[in-house]
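Report on the following structure.
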Amino acid sequence: MIMMGNFALLVFLAFASMQLLCIAADHDAAIFYDSFEEPFNGRWIVSDKDDYKGIWEHSKSEGHDDYGLLVTEKARKYAIVKELEEPVNLRDGTTVLQYEARFQNGLECGGAYLKYLRPQEAGWKPKEFDNGSPYSIMFGPDICGLTNKVHFILKQKNPKSGEYVEHHLIDPPRVPSDKLSHVYTAILKPDNEISILIDGEVKKKGNFLSAQDFDPPIIPAKTIPDPNEKKPEDWDDRVRIPDPNAVKPDDWDENAPMEIEDMEAVKPEGWLDDESEEIDDPEATKPEDWDDEEDGVWEAPKIDNPKCQTAPGCGEWKRPMKRNPAFKGIWNPPLVDNPNYKGIWKPRDIPNPNYFELDKPYFDPIAAIGIEIWTMQEGILFDNILIAKDENVAQSYRDTTWKPKFVVEKEKQKAEEEAAGSDDLGGFQKKVFDVLYKFADIPFLSKYKLQILDFIEKAEKQPNLTIGVLVSIVVVILTAIFMLIFSGKKQQPRVEKKTEVAADTSNDQGSSGEKPAEEEKEEEKENETGGAAPRQRRRDT
(Lines of atoms letter the chains of each structure in order from A and count residues from 1; the text may use other names and numbers.)
(Lines give C-alpha, C1' and ligand atoms only; values in the text may rest on other atoms or scores of the structure.)
Protein backbone atom coordinates (compact mmCIF):
# COMPACT_ATOMS: atom_id res chain seq x y z
CA MET A 1 0.00 0.00 0.00
CA ILE A 2 2.85 2.37 0.83
CA MET A 3 4.52 1.59 -2.49
CA MET A 4 1.25 2.24 -4.32
CA GLY A 5 0.90 5.55 -2.51
CA ASN A 6 4.41 6.60 -3.41
CA PHE A 7 3.81 5.61 -7.02
CA ALA A 8 0.63 7.73 -7.18
CA LEU A 9 2.52 10.67 -5.68
CA LEU A 10 5.26 10.31 -8.29
CA VAL A 11 2.67 10.22 -11.11
CA PHE A 12 1.00 13.34 -9.74
CA LEU A 13 4.31 15.21 -9.44
CA ALA A 14 5.28 14.17 -12.96
CA PHE A 15 1.96 15.35 -14.32
CA ALA A 16 2.22 18.66 -12.45
CA SER A 17 5.77 19.14 -13.74
CA MET A 18 4.62 18.54 -17.31
CA GLN A 19 1.83 21.09 -16.86
CA LEU A 20 4.30 23.66 -15.57
CA LEU A 21 6.65 22.91 -18.46
CA CYS A 22 3.77 23.34 -20.94
CA ILE A 23 2.77 26.62 -19.36
CA ALA A 24 6.38 27.81 -19.45
CA ALA A 25 6.62 26.75 -23.08
CA ASP A 26 3.40 28.63 -23.88
CA HIS A 27 4.77 31.73 -22.17
CA ASP A 28 7.90 31.46 -24.30
CA ALA A 29 5.68 31.13 -27.40
CA ALA A 30 3.86 34.38 -26.62
CA ILE A 31 5.00 37.39 -28.62
CA PHE A 32 3.74 39.71 -25.89
CA TYR A 33 2.18 39.01 -22.52
CA ASP A 34 1.47 41.16 -19.47
CA SER A 35 -0.20 39.72 -16.39
CA PHE A 36 0.01 43.01 -14.42
CA GLU A 37 1.22 41.08 -11.38
CA GLU A 38 3.90 43.74 -11.12
CA PRO A 39 3.12 47.50 -11.04
CA PHE A 40 2.70 48.89 -14.55
CA ASN A 41 4.74 52.07 -13.94
CA GLY A 42 7.67 52.25 -16.33
CA ARG A 43 6.28 49.54 -18.60
CA TRP A 44 3.04 51.31 -19.56
CA ILE A 45 3.08 55.05 -20.20
CA VAL A 46 0.14 57.23 -19.21
CA SER A 47 -0.74 59.97 -21.70
CA ASP A 48 0.00 63.49 -20.52
CA LYS A 49 -2.50 65.07 -22.92
CA ASP A 50 -4.89 67.47 -21.18
CA ASP A 51 -8.03 65.49 -22.10
CA TYR A 52 -6.97 62.40 -20.17
CA LYS A 53 -7.54 63.03 -16.47
CA GLY A 54 -8.51 59.49 -15.50
CA ILE A 55 -6.26 57.80 -12.93
CA TRP A 56 -5.01 54.26 -13.58
CA GLU A 57 -4.37 51.95 -10.63
CA HIS A 58 -2.53 48.67 -10.08
CA SER A 59 -5.30 46.83 -8.27
CA LYS A 60 -6.52 43.36 -7.32
CA SER A 61 -9.52 41.92 -9.07
CA GLU A 62 -12.41 41.87 -6.60
CA GLY A 63 -12.41 38.57 -4.70
CA HIS A 64 -9.00 37.45 -6.03
CA ASP A 65 -5.30 37.93 -5.38
CA ASP A 66 -4.83 38.51 -9.10
CA TYR A 67 -3.81 42.04 -10.13
CA GLY A 68 -4.90 44.08 -13.11
CA LEU A 69 -5.01 47.58 -14.58
CA LEU A 70 -7.96 49.43 -13.05
CA VAL A 71 -10.10 52.39 -14.21
CA THR A 72 -10.71 54.26 -10.94
CA GLU A 73 -13.07 57.16 -11.71
CA LYS A 74 -16.27 57.63 -13.66
CA ALA A 75 -16.94 60.26 -16.34
CA ARG A 76 -13.27 60.47 -17.33
CA LYS A 77 -11.07 59.92 -20.35
CA TYR A 78 -8.22 57.45 -19.98
CA ALA A 79 -5.17 56.78 -22.15
CA ILE A 80 -2.22 54.48 -21.53
CA VAL A 81 0.15 52.74 -23.95
CA LYS A 82 2.81 50.05 -24.06
CA GLU A 83 5.37 50.03 -26.87
CA LEU A 84 6.44 46.58 -28.08
CA GLU A 85 10.09 45.67 -28.34
CA GLU A 86 9.55 44.73 -32.01
CA PRO A 87 6.55 45.32 -34.30
CA VAL A 88 4.33 42.27 -34.80
CA ASN A 89 3.76 41.27 -38.43
CA LEU A 90 0.09 40.35 -38.93
CA ARG A 91 0.45 39.19 -42.53
CA ASP A 92 2.33 35.98 -41.84
CA GLY A 93 0.50 33.00 -40.37
CA THR A 94 -2.07 33.11 -37.58
CA THR A 95 -2.19 35.96 -35.06
CA VAL A 96 -4.13 35.80 -31.81
CA LEU A 97 -5.09 38.91 -29.85
CA GLN A 98 -6.44 38.20 -26.37
CA TYR A 99 -7.08 39.92 -23.05
CA GLU A 100 -9.39 39.91 -20.04
CA ALA A 101 -11.77 42.66 -19.00
CA ARG A 102 -14.10 42.84 -16.03
CA PHE A 103 -16.85 45.38 -15.37
CA GLN A 104 -16.69 45.06 -11.58
CA ASN A 105 -19.57 47.49 -11.03
CA GLY A 106 -21.73 46.06 -13.81
CA LEU A 107 -22.45 47.36 -17.29
CA GLU A 108 -23.58 50.97 -17.56
CA CYS A 109 -21.76 53.13 -20.07
CA GLY A 110 -18.13 52.46 -20.85
CA GLY A 111 -15.61 51.08 -23.28
CA ALA A 112 -13.04 48.39 -22.52
CA TYR A 113 -11.44 47.94 -25.94
CA LEU A 114 -7.78 47.91 -26.94
CA LYS A 115 -6.09 49.75 -29.78
CA TYR A 116 -3.25 47.95 -31.52
CA LEU A 117 -1.19 50.84 -32.86
CA ARG A 118 0.71 50.76 -36.11
CA PRO A 119 4.21 52.31 -36.24
CA GLN A 120 3.88 56.01 -35.50
CA GLU A 121 5.53 58.91 -37.24
CA ALA A 122 9.15 59.71 -36.46
CA GLY A 123 9.53 61.59 -33.20
CA TRP A 124 6.28 60.30 -31.69
CA LYS A 125 6.42 59.73 -27.94
CA PRO A 126 4.17 57.43 -25.87
CA LYS A 127 3.15 60.36 -23.65
CA GLU A 128 1.53 61.86 -26.77
CA PHE A 129 -0.85 58.92 -27.15
CA ASP A 130 -4.42 60.08 -27.78
CA ASN A 131 -7.51 59.44 -29.91
CA GLY A 132 -5.65 60.54 -33.03
CA SER A 133 -2.80 58.05 -32.69
CA PRO A 134 -3.18 55.78 -35.76
CA TYR A 135 -3.96 52.14 -35.14
CA SER A 136 -4.13 48.96 -37.17
CA ILE A 137 -6.83 47.12 -35.16
CA MET A 138 -9.32 48.13 -32.49
CA PHE A 139 -10.83 45.24 -30.54
CA GLY A 140 -12.96 44.78 -27.44
CA PRO A 141 -16.24 45.53 -25.64
CA ASP A 142 -18.05 48.85 -25.79
CA ILE A 143 -21.46 49.57 -24.29
CA CYS A 144 -23.46 52.79 -23.90
CA GLY A 145 -27.01 53.65 -24.90
CA LEU A 146 -27.84 51.72 -28.08
CA THR A 147 -24.22 50.58 -28.50
CA ASN A 148 -23.55 47.09 -27.19
CA LYS A 149 -20.88 45.26 -29.12
CA VAL A 150 -17.47 43.65 -29.04
CA HIS A 151 -15.78 45.81 -31.66
CA PHE A 152 -13.42 44.55 -34.28
CA ILE A 153 -12.21 47.34 -36.56
CA LEU A 154 -9.46 47.03 -39.14
CA LYS A 155 -7.92 50.26 -40.34
CA GLN A 156 -6.42 49.65 -43.79
CA LYS A 157 -4.69 51.89 -46.29
CA ASN A 158 -6.32 52.06 -49.72
CA PRO A 159 -3.48 51.45 -52.20
CA LYS A 160 -5.24 53.54 -54.84
CA SER A 161 -6.26 56.61 -52.83
CA GLY A 162 -3.60 56.37 -50.12
CA GLU A 163 -6.26 57.01 -47.45
CA TYR A 164 -6.81 54.90 -44.35
CA VAL A 165 -10.33 53.50 -44.01
CA GLU A 166 -11.98 51.93 -40.94
CA HIS A 167 -13.60 48.58 -41.74
CA HIS A 168 -16.07 47.44 -39.06
CA LEU A 169 -16.99 43.80 -38.49
CA ILE A 170 -20.72 43.46 -39.21
CA ASP A 171 -22.97 42.02 -36.46
CA PRO A 172 -20.29 41.67 -33.78
CA PRO A 173 -21.10 39.81 -30.54
CA ARG A 174 -22.82 41.51 -27.60
CA VAL A 175 -21.01 42.25 -24.36
CA PRO A 176 -21.80 39.85 -21.46
CA SER A 177 -24.08 41.71 -19.04
CA ASP A 178 -22.64 40.81 -15.64
CA LYS A 179 -19.81 41.65 -13.22
CA LEU A 180 -17.67 38.62 -14.03
CA SER A 181 -14.23 38.39 -15.63
CA HIS A 182 -14.43 37.64 -19.35
CA VAL A 183 -11.69 36.87 -21.84
CA TYR A 184 -11.92 38.29 -25.38
CA THR A 185 -10.04 36.63 -28.23
CA ALA A 186 -9.63 37.61 -31.89
CA ILE A 187 -8.02 35.02 -34.18
CA LEU A 188 -6.71 36.24 -37.55
CA LYS A 189 -5.95 33.32 -39.85
CA PRO A 190 -3.88 33.21 -43.07
CA ASP A 191 -6.94 32.07 -45.09
CA ASN A 192 -8.57 35.47 -44.27
CA GLU A 193 -10.87 34.02 -41.61
CA ILE A 194 -11.58 36.13 -38.54
CA SER A 195 -13.02 34.58 -35.37
CA ILE A 196 -14.19 36.41 -32.25
CA LEU A 197 -14.32 34.35 -29.07
CA ILE A 198 -15.74 35.25 -25.67
CA ASP A 199 -14.61 32.98 -22.83
CA GLY A 200 -13.15 30.58 -25.38
CA GLU A 201 -16.46 30.17 -27.25
CA VAL A 202 -16.70 31.29 -30.89
CA LYS A 203 -19.34 34.04 -31.08
CA LYS A 204 -18.65 35.37 -34.58
CA LYS A 205 -16.87 34.18 -37.71
CA GLY A 206 -16.25 36.11 -40.86
CA ASN A 207 -13.99 36.59 -43.84
CA PHE A 208 -11.91 39.72 -44.25
CA LEU A 209 -12.54 39.84 -48.01
CA SER A 210 -16.32 39.28 -47.81
CA ALA A 211 -18.55 42.29 -48.43
CA GLN A 212 -21.14 40.67 -46.09
CA ASP A 213 -18.74 40.67 -43.13
CA PHE A 214 -17.17 44.15 -43.15
CA ASP A 215 -18.56 47.64 -43.59
CA PRO A 216 -17.33 49.16 -45.78
CA PRO A 217 -15.96 46.13 -47.62
CA ILE A 218 -12.19 45.79 -47.49
CA ILE A 219 -12.19 45.26 -51.27
CA PRO A 220 -14.20 48.11 -52.81
CA ALA A 221 -17.01 47.52 -55.31
CA LYS A 222 -15.94 47.31 -58.96
CA THR A 223 -18.52 49.89 -59.98
CA ILE A 224 -20.05 52.93 -58.30
CA PRO A 225 -22.94 55.29 -59.17
CA ASP A 226 -21.73 58.11 -61.41
CA PRO A 227 -21.35 61.08 -59.01
CA ASN A 228 -21.65 63.56 -61.91
CA GLU A 229 -24.95 62.28 -63.29
CA LYS A 230 -28.10 64.14 -62.25
CA LYS A 231 -31.76 63.24 -62.46
CA PRO A 232 -33.44 64.80 -65.54
CA GLU A 233 -35.85 67.61 -64.70
CA ASP A 234 -38.72 65.90 -66.51
CA TRP A 235 -38.25 62.60 -64.69
CA ASP A 236 -41.50 61.69 -62.91
CA ASP A 237 -41.00 59.19 -60.09
CA ARG A 238 -44.43 59.61 -58.46
CA VAL A 239 -46.19 56.24 -58.37
CA ARG A 240 -49.63 57.76 -57.69
CA ILE A 241 -50.93 61.27 -58.23
CA PRO A 242 -54.10 63.22 -57.31
CA ASP A 243 -56.88 62.45 -59.80
CA PRO A 244 -56.89 65.50 -62.13
CA ASN A 245 -60.52 64.80 -63.10
CA ALA A 246 -61.87 64.66 -59.57
CA VAL A 247 -64.15 67.53 -58.48
CA LYS A 248 -65.00 68.54 -54.96
CA PRO A 249 -68.67 67.78 -54.15
CA ASP A 250 -70.95 70.83 -53.94
CA ASP A 251 -72.03 69.98 -50.40
CA TRP A 252 -68.47 69.67 -49.08
CA ASP A 253 -68.02 72.30 -46.38
CA GLU A 254 -64.31 72.72 -45.61
CA ASN A 255 -65.03 75.42 -43.03
CA ALA A 256 -67.26 73.31 -40.80
CA PRO A 257 -65.65 73.12 -37.33
CA MET A 258 -64.54 69.78 -35.90
CA GLU A 259 -66.56 70.33 -32.71
CA ILE A 260 -69.75 72.21 -31.90
CA GLU A 261 -71.68 73.00 -28.72
CA ASP A 262 -73.98 70.28 -27.51
CA MET A 263 -77.30 72.13 -27.71
CA GLU A 264 -79.10 69.30 -25.93
CA ALA A 265 -77.00 69.74 -22.80
CA VAL A 266 -78.76 71.32 -19.83
CA LYS A 267 -77.17 73.12 -16.95
CA PRO A 268 -77.33 70.84 -13.89
CA GLU A 269 -79.69 71.80 -11.16
CA GLY A 270 -77.90 73.53 -8.30
CA TRP A 271 -75.11 75.03 -10.41
CA LEU A 272 -73.66 78.06 -8.54
CA ASP A 273 -73.27 80.73 -11.21
CA ASP A 274 -72.20 83.47 -8.82
CA GLU A 275 -69.56 81.47 -6.97
CA SER A 276 -65.88 81.24 -7.97
CA GLU A 277 -64.11 77.90 -7.91
CA GLU A 278 -61.40 79.43 -5.71
CA ILE A 279 -61.59 82.07 -3.02
CA ASP A 280 -59.11 83.96 -0.86
CA ASP A 281 -58.02 81.93 2.14
CA PRO A 282 -59.93 83.62 5.02
CA GLU A 283 -57.36 82.37 7.53
CA ALA A 284 -54.38 83.83 5.69
CA THR A 285 -52.81 87.02 7.06
CA LYS A 286 -50.36 89.42 5.55
CA PRO A 287 -46.79 88.73 6.83
CA GLU A 288 -45.47 91.35 9.20
CA ASP A 289 -42.31 91.89 7.16
CA TRP A 290 -44.24 92.36 3.87
CA ASP A 291 -43.24 95.62 2.12
CA ASP A 292 -45.81 96.71 -0.49
CA GLU A 293 -43.24 98.90 -2.24
CA GLU A 294 -40.68 96.13 -2.58
CA ASP A 295 -42.88 93.04 -2.60
CA GLY A 296 -45.93 94.45 -4.37
CA VAL A 297 -49.52 94.42 -3.21
CA TRP A 298 -50.11 91.45 -0.94
CA GLU A 299 -52.78 88.98 -2.03
CA ALA A 300 -54.12 86.19 0.08
CA PRO A 301 -53.44 82.69 -1.27
CA LYS A 302 -56.33 80.89 -2.97
CA ILE A 303 -58.18 77.84 -1.65
CA ASP A 304 -60.97 75.69 -3.13
CA ASN A 305 -64.36 77.27 -2.57
CA PRO A 306 -66.08 74.99 -0.02
CA LYS A 307 -69.50 75.83 -1.54
CA CYS A 308 -68.38 74.21 -4.79
CA GLN A 309 -67.48 70.93 -3.13
CA THR A 310 -71.13 69.88 -2.78
CA ALA A 311 -72.48 71.65 -5.88
CA PRO A 312 -72.31 70.23 -9.43
CA GLY A 313 -70.25 73.24 -10.45
CA CYS A 314 -69.39 76.92 -9.97
CA GLY A 315 -68.90 79.94 -12.17
CA GLU A 316 -70.20 80.54 -15.67
CA TRP A 317 -71.75 77.35 -17.08
CA LYS A 318 -70.91 76.55 -20.67
CA ARG A 319 -72.31 73.85 -22.86
CA PRO A 320 -69.86 71.01 -23.50
CA MET A 321 -68.51 70.45 -26.99
CA LYS A 322 -69.30 67.43 -29.14
CA ARG A 323 -68.10 66.16 -32.51
CA ASN A 324 -69.66 68.02 -35.43
CA PRO A 325 -71.43 65.49 -37.68
CA ALA A 326 -71.01 67.92 -40.61
CA PHE A 327 -67.23 68.11 -40.23
CA LYS A 328 -65.35 66.81 -43.27
CA GLY A 329 -62.09 68.76 -43.23
CA ILE A 330 -60.07 69.87 -46.22
CA TRP A 331 -61.10 68.12 -49.42
CA ASN A 332 -58.40 66.28 -51.33
CA PRO A 333 -58.84 64.52 -54.65
CA PRO A 334 -58.37 60.74 -54.57
CA LEU A 335 -55.09 59.25 -55.81
CA VAL A 336 -54.80 57.38 -59.11
CA ASP A 337 -51.92 55.61 -60.87
CA ASN A 338 -49.52 58.06 -62.50
CA PRO A 339 -49.54 57.46 -66.29
CA ASN A 340 -46.15 59.23 -66.58
CA TYR A 341 -44.41 57.18 -63.87
CA LYS A 342 -40.90 56.22 -64.99
CA GLY A 343 -39.70 54.38 -61.92
CA ILE A 344 -37.15 55.33 -59.26
CA TRP A 345 -34.27 57.19 -60.85
CA LYS A 346 -30.71 56.24 -60.09
CA PRO A 347 -27.46 57.22 -61.76
CA ARG A 348 -25.72 54.77 -64.04
CA ASP A 349 -22.82 52.72 -62.72
CA ILE A 350 -19.27 53.53 -63.76
CA PRO A 351 -15.97 51.78 -62.99
CA ASN A 352 -14.77 52.56 -59.45
CA PRO A 353 -11.50 54.50 -59.77
CA ASN A 354 -10.49 53.32 -56.28
CA TYR A 355 -11.13 49.63 -56.93
CA PHE A 356 -8.34 47.21 -56.17
CA GLU A 357 -7.92 43.50 -55.55
CA LEU A 358 -6.20 41.76 -52.65
CA ASP A 359 -5.38 38.18 -51.76
CA LYS A 360 -5.44 39.17 -48.10
CA PRO A 361 -5.95 42.42 -46.17
CA TYR A 362 -3.05 44.79 -45.83
CA PHE A 363 -2.38 44.73 -42.10
CA ASP A 364 -0.03 47.34 -40.74
CA PRO A 365 2.28 45.84 -38.09
CA ILE A 366 1.43 46.28 -34.41
CA ALA A 367 4.04 48.49 -32.76
CA ALA A 368 2.22 49.27 -29.49
CA ILE A 369 -0.86 48.40 -27.46
CA GLY A 370 -2.99 51.27 -26.16
CA ILE A 371 -6.11 51.71 -24.08
CA GLU A 372 -7.83 54.96 -24.97
CA ILE A 373 -11.39 55.15 -23.64
CA TRP A 374 -14.01 57.55 -22.36
CA THR A 375 -16.19 55.95 -19.71
CA MET A 376 -19.07 56.95 -17.45
CA GLN A 377 -18.29 54.20 -14.96
CA GLU A 378 -15.39 53.14 -12.80
CA GLY A 379 -14.23 49.67 -11.83
CA ILE A 380 -13.21 48.38 -15.28
CA LEU A 381 -10.26 46.01 -14.87
CA PHE A 382 -7.89 44.95 -17.69
CA ASP A 383 -5.71 41.88 -17.30
CA ASN A 384 -3.57 39.23 -19.08
CA ILE A 385 -3.01 41.01 -22.39
CA LEU A 386 -1.58 38.55 -24.92
CA ILE A 387 -0.36 38.48 -28.52
CA ALA A 388 0.52 35.03 -29.85
CA LYS A 389 0.92 33.15 -33.11
CA ASP A 390 -0.72 29.94 -31.93
CA GLU A 391 -4.35 29.35 -30.90
CA ASN A 392 -3.25 26.68 -28.43
CA VAL A 393 -1.09 29.21 -26.61
CA ALA A 394 -4.11 31.49 -26.19
CA GLN A 395 -6.22 28.57 -24.95
CA SER A 396 -3.53 27.62 -22.44
CA TYR A 397 -3.57 31.16 -21.04
CA ARG A 398 -7.37 31.09 -20.82
CA ASP A 399 -7.25 27.81 -18.92
CA THR A 400 -4.54 28.92 -16.48
CA THR A 401 -5.22 32.64 -15.92
CA TRP A 402 -8.91 33.28 -16.64
CA LYS A 403 -10.89 30.10 -16.02
CA PRO A 404 -10.01 29.57 -12.31
CA LYS A 405 -11.15 33.11 -11.53
CA PHE A 406 -14.30 32.78 -13.61
CA VAL A 407 -15.31 29.52 -11.88
CA VAL A 408 -15.00 31.16 -8.44
CA GLU A 409 -16.96 34.25 -9.57
CA LYS A 410 -19.67 32.13 -11.20
CA GLU A 411 -20.17 30.03 -8.08
CA LYS A 412 -20.40 33.15 -5.94
CA GLN A 413 -22.92 34.69 -8.33
CA LYS A 414 -24.98 31.49 -8.32
CA ALA A 415 -25.07 31.40 -4.52
CA GLU A 416 -26.15 35.05 -4.35
CA GLU A 417 -28.89 34.50 -6.94
CA GLU A 418 -30.18 31.43 -5.10
CA ALA A 419 -30.22 33.33 -1.82
CA ALA A 420 -32.05 36.25 -3.41
CA GLY A 421 -34.47 33.87 -5.13
CA SER A 422 -35.17 32.09 -1.85
CA ASP A 423 -35.92 35.38 -0.11
CA ASP A 424 -38.20 36.45 -2.95
CA LEU A 425 -40.02 33.10 -2.84
CA GLY A 426 -40.51 33.37 0.92
CA GLY A 427 -41.98 36.84 0.53
CA PHE A 428 -44.21 35.65 -2.29
CA GLN A 429 -45.47 32.67 -0.28
CA LYS A 430 -46.31 34.93 2.66
CA LYS A 431 -48.42 37.14 0.38
CA VAL A 432 -50.16 34.05 -1.00
CA PHE A 433 -51.00 32.83 2.52
CA ASP A 434 -52.35 36.27 3.49
CA VAL A 435 -54.71 36.20 0.50
CA LEU A 436 -55.82 32.64 1.27
CA TYR A 437 -56.72 33.58 4.85
CA LYS A 438 -58.96 36.32 3.44
CA PHE A 439 -60.58 33.81 1.11
CA ALA A 440 -61.40 31.62 4.11
CA ASP A 441 -63.43 34.49 5.61
CA ILE A 442 -65.70 34.91 2.57
CA PRO A 443 -69.29 34.20 3.75
CA PHE A 444 -70.30 31.73 1.02
CA LEU A 445 -67.16 29.67 1.82
CA SER A 446 -67.98 29.45 5.54
CA LYS A 447 -68.96 25.80 5.13
CA TYR A 448 -65.43 25.04 3.90
CA LYS A 449 -63.50 27.42 6.17
CA LEU A 450 -61.97 24.77 8.41
CA GLN A 451 -60.91 22.73 5.39
CA ILE A 452 -59.22 25.75 3.78
CA LEU A 453 -57.46 26.72 7.02
CA ASP A 454 -56.17 23.18 7.34
CA PHE A 455 -54.69 23.36 3.84
CA ILE A 456 -53.02 26.72 4.59
CA GLU A 457 -51.44 25.43 7.81
CA LYS A 458 -49.96 22.46 5.95
CA ALA A 459 -48.48 24.79 3.30
CA GLU A 460 -46.94 27.06 5.94
CA LYS A 461 -45.26 24.10 7.60
CA GLN A 462 -44.07 22.65 4.27
CA PRO A 463 -43.49 25.50 1.75
CA ASN A 464 -42.63 23.01 -0.99
CA LEU A 465 -46.29 21.95 -0.97
CA THR A 466 -47.56 25.47 -1.70
CA ILE A 467 -48.52 24.79 -5.32
CA GLY A 468 -50.38 21.60 -4.42
CA VAL A 469 -52.21 23.37 -1.61
CA LEU A 470 -53.21 26.19 -3.96
CA VAL A 471 -54.70 23.66 -6.35
CA SER A 472 -56.64 22.02 -3.51
CA ILE A 473 -58.04 25.33 -2.31
CA VAL A 474 -59.05 26.32 -5.85
CA VAL A 475 -60.92 23.02 -6.13
CA VAL A 476 -62.74 23.76 -2.87
CA ILE A 477 -63.69 27.28 -4.04
CA LEU A 478 -64.91 26.03 -7.42
CA THR A 479 -66.96 23.36 -5.66
CA ALA A 480 -68.55 26.00 -3.42
CA ILE A 481 -69.35 28.20 -6.41
CA PHE A 482 -70.84 25.24 -8.29
CA MET A 483 -73.03 24.32 -5.33
CA LEU A 484 -74.16 27.91 -4.96
CA ILE A 485 -75.12 28.15 -8.62
CA PHE A 486 -76.78 24.74 -8.59
CA SER A 487 -78.85 25.53 -5.52
CA GLY A 488 -79.75 28.90 -7.01
CA LYS A 489 -81.14 27.27 -10.14
CA LYS A 490 -83.68 25.23 -8.10
CA GLN A 491 -85.15 28.43 -6.65
CA GLN A 492 -85.04 30.29 -9.95
CA PRO A 493 -88.86 30.54 -10.66
CA ARG A 494 -89.65 32.07 -7.26
CA VAL A 495 -86.70 34.47 -7.52
CA GLU A 496 -87.82 35.66 -10.97
CA LYS A 497 -91.31 36.42 -9.64
CA LYS A 498 -89.94 38.48 -6.81
CA THR A 499 -87.61 40.24 -9.20
CA GLU A 500 -90.50 41.27 -11.44
CA VAL A 501 -92.39 42.73 -8.49
CA ALA A 502 -89.31 44.53 -7.35
CA ALA A 503 -88.81 45.88 -10.85
CA ASP A 504 -92.36 47.18 -10.99
CA THR A 505 -91.94 48.79 -7.61
CA SER A 506 -88.74 50.46 -8.67
CA ASN A 507 -90.41 51.84 -11.78
CA ASP A 508 -93.19 53.31 -9.66
CA GLN A 509 -90.65 54.81 -7.36
CA GLY A 510 -88.82 56.24 -10.32
CA SER A 511 -91.95 58.02 -11.57
CA SER A 512 -92.53 59.57 -8.16
CA GLY A 513 -89.02 61.03 -8.08
CA GLU A 514 -87.34 58.39 -5.90
CA LYS A 515 -84.40 56.68 -7.72
CA PRO A 516 -82.06 53.84 -6.75
CA ALA A 517 -78.48 54.79 -5.93
CA GLU A 518 -77.21 53.05 -9.10
CA GLU A 519 -79.45 55.21 -11.32
CA GLU A 520 -78.40 58.36 -9.47
CA LYS A 521 -74.74 57.48 -10.03
CA GLU A 522 -75.39 56.88 -13.73
CA GLU A 523 -77.12 60.24 -14.06
CA GLU A 524 -74.29 61.95 -12.21
CA LYS A 525 -71.86 60.39 -14.72
CA GLU A 526 -73.98 61.64 -17.63
CA ASN A 527 -74.11 65.11 -16.13
CA GLU A 528 -70.35 65.14 -15.67
CA THR A 529 -69.57 63.93 -19.18
CA GLY A 530 -72.42 65.28 -21.24
CA GLY A 531 -74.73 67.71 -19.52
CA ALA A 532 -72.10 69.72 -17.69
CA ALA A 533 -68.59 70.74 -18.50
CA PRO A 534 -66.16 69.43 -15.86
CA ARG A 535 -64.78 72.08 -13.57
CA GLN A 536 -61.15 73.11 -14.07
CA ARG A 537 -59.33 74.57 -11.15
CA ARG A 538 -56.78 77.28 -11.64
CA ARG A 539 -54.09 75.24 -9.93
CA ASP A 540 -54.67 72.36 -12.41
CA THR A 541 -54.22 74.47 -15.53
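The backbone N, Cα and C atoms fix where each Cβ goes, glycine too.
TrEMBL entries are annotated by machine, without manual review.
What TrEMBL lists as compositional bias 'Basic and acidic residues' is 227-241. Within the chain, the compositional bias 'Basic and acidic residues' (227-241) has long-range Cβ neighbours (under 8 A, six or more residues past its boundaries) at 335-338, 340-345, 347-348.
The disulfide bond annotation in TrEMBL covers CYS109-CYS144. Around CYS144 (disulfide bond), the C-beta neighbours below 8 angstroms that are at least 6 residues distant in the chain are GLU108, CYS109, GLY110, GLY111, MET376.
Taken from TrEMBL, the feature region 'Disordered' applies to 214-255 (among others).
As annotated by TrEMBL, region 'Disordered' applies to 267-317 (among others).
Annotation comment: TrEMBL describes 493-541 (among others) as region 'Disordered'.
Summarising the annotation, TrEMBL assigns signal peptide to 1-24.
Annotation source TrEMBL lists transmembrane segment at 465-488.
Per DSSP, the secondary structure of the region 'Disordered' (267-317) breaks down as 9 helix, 8 strand, 34 coil.
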